[in-house]
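> Just dropping this structure here.
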Amino acid sequence: MDFSIKGCDWSKGEAKGFLTGKSDCIVLGIFEAQTLSGAALDIDTATKGLISRVVKAGDMDGKRGKTLFLHEVSGIGASRVLLVGLGKQDAFNQKAYNDAATTAWRALLATKVVQVTFSLAQLPVDERSSDWGVRAAILALRNETYRFTQMKSKPEPASHTLKRVVFSVDPADEKAAKVAIKQAVALANGMDLTRDLGNLPGNVCTPIYLGNTAKKIAKDWGLKAEVLGLKQIQALKMGSFLSVARASVEPPQFIVLHYQGAAAKAAPVVLVGKGITFDTGGISLKPGEGMDEMKYDMCGAGSVLGTMRAVAEMGLKINVVAIVPTCENMPGGNATKPGDIVTSMKGLTIEVLNTDAEGRLILCDALTYAERFKPAAVIDVATLTGACVIALGGHNSGLFSTNDALAGELLDASREANDPAWRMPLDDEYQDQLKSNFADLANIGGRPAGAVTAACFLSRFTESYPWAHLDIAGTAWKGGAAKGATGRPVPLLAQFLIDRAGQ
C-alpha cells in the first residue's frame, strides 16, 4: 500500500489539485445538523451544490456510521465521492474520528477502488493536528486489511483492490504528516507481528519459535539478540521461572533483545513481556472450555517483540532492551504442586499456592535480571489476571506503577495512541494479602483485588528502578466471532518510546 501527502488549505481555495486530480474516490466527512465546511464545502461548490442537495434530501444525515457513495459526479476528477457521517461536531473526539475512518475504509474495501483521496485527517479532533489524523487513519486501514491465513492450506486472496491513498493535510502539518506515515507503517508492521504470534497455535509458537523470532528481528533490523537456554537459566538461579517450565517437554527460553538508537552510555528503557506460549494452569488446571485461547498467554511477549520491530523500523533515538521469559505451563509428574516453595533469582522464597498464577513467577526473575542494565525505566507487559478483565473489560489495559511520573507518561501515550489504559491502585495495604506462613511471600492474595495483588507481587522485585506494569488480559485478544489477537499495547508502548526519544 502506498501512502502520500498533499498540503491543502481548503479555506484559501487551494483545493484545485484535489478537485481536478484523477482518483477513484474522494472521502468527505459530513457532520450531523451542521453547515458544510472544509473539503465538503469546496466539493459542494465544484459540483454546483450536489452535496447540499443530498444532505437536504435526507440521503445523508451525518449520523455516525452512515455512508453514501455518489457516482459519476461532474465538476471533479474523482469518479466517486464517499460521504461519511461524523455525528455531532461538538462530540467529535478521537474515538469518533477512528470510528469514521474505520467506517470509510470498510466501505471502500468492499469496492474496486485503487486510488483514494482521504480528507478526514483535516477534521478538528481534540486539538490534534492533521498528521495525527494521518497516522490514526493508516492504523485503522491496516487493522481492517489484516488477515491471519498462515495455517490455512488454501488461503483466500485479499478481496480489496486499494493500492494508493493520498491524504490531504493542513500545509503547516505536511512535514510532520510524512513522518506520521513512516511511524504508522512501522507501528502497523509491529502490530501485525504481534497479532501473528498471538494467533499462531501453541504447537507452532513455542518458546523456541519466539526465540527464533527475536533472532530474525535482530538480523533484519540490526539489533543484538541473546537467547538463553535451560542450563544458562539454571546458572542464573531463576528458580521461580524454572518452577513454571519444569513439566513441559518444550524447553524454556530467556530472550534478551537490544536496540541501540542513542549513545551507548544512555540508560535504556527495558520492556519485559510474559511469554507463556500455552497455559493449562498446571496442576491447578483450568476448565476445558475456552482453554484453546490460552495460546494468547504469550501476548505480552508478542507485544514487546512487535514494539521492538516497530522501534527499529522508525529508527528512534533511544536505547531499548526487551526481555522475554518464555515457557509452557503444563501439568505432569514433575510439575510444581500447590504449596511448593521456590526461590527466585532475587533470593526471595515464594509459596506457590496456585500454579495458575504463573505469569508473575516468570516475570519476577526477568524483573530482577533487568537490574543489570541500570534502566531509565522498566515496563512489564502481561496477560496477567482474569481479575483485570472483570475490573476493566476489554477497553482499557490496567496500568500499575510505583512511579507517578512514569505512569503519567504512559497514560499520555495511551491517549495519543488511541490505546487506552487506566491507572489502578497499588497501595501498600494490599501487600498484606501476599503474606505466607512458610515463605517470604505467596504467589496469590485471594480473590479480592486480584489484579492489584498480582501487581503488588511484581513490585517486590522492582525497587531499584522506575517501574510500571500493564495487565493486558482484557485487551490482548478478542473472543467470539471476531476471535484474534489485537496487537495491543504496541501503539501505547511505541508512543511512549517516541515521546521519550523526542521524536
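Every residue gets a Cβ built from N, Cα and C, even glycine.
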> Check Swiss-Prot for me: it has Lys274, Asp279, Glu358 binding Mn(2+) 2, so pick out which one of Asp292, Asp297, Asp340 it puts in that same site.
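Swiss-Prot lists Lys274, Asp279, Glu358 binding Mn(2+) 2, and from Asp292, Asp297, Asp340 it also lists Asp297.
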> Identify all same-chain residues not among Asp279, Asp356, Glu358 whose C-beta atom falls within 8 angstroms of the centroid of the Mn(2+) 1 site's C-beta atoms; report them in sequence order.
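After dropping the recorded site residues, what remains is Val244, Ile276, Thr280, Gly281, Gly282, Ser284, Lys286, Asp297, Asn329, Thr355, Ala357, Gly359.
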> Would you mind checking how many other C-beta atoms are within 10 angstroms of the C-beta on Asp297 (Mn(2+) 2 binding site)?
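Asp297 (Mn(2+) 2 binding site): 27 neighbouring Cβ atoms within 10 Å.
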> In whole Å, note down how far the CA of Asp297 (Mn(2+) 2 binding site) lies from the CA of Arg360 (active site).
12
> If you run the three-state DSSP split on Asp279 (Mn(2+) 2 binding site), which class comes out?
strand
> Rank the recorded positions Lys274, Lys286, Arg360 by how many other Cβ atoms lie within 10 Å of each Cβ and give me the one with the fewest.
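So among Lys274, Lys286, Arg360, the recorded positions given, the one with the fewest Cβ atoms within 10 Å is Lys286.
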> Please list, in sequence order, every residue of the chain apart from Lys274, Asp279, Asp297, Glu358 whose Cβ lies within 8 Å of the Cβ centroid of the Mn(2+) 2 site.
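Apart from Lys274, Asp279, Asp297, Glu358, the close residues are Val244, Gly275, Ile276, Met294, Met298, Asn329, Gly359, Ile362, Ala382, Thr383.
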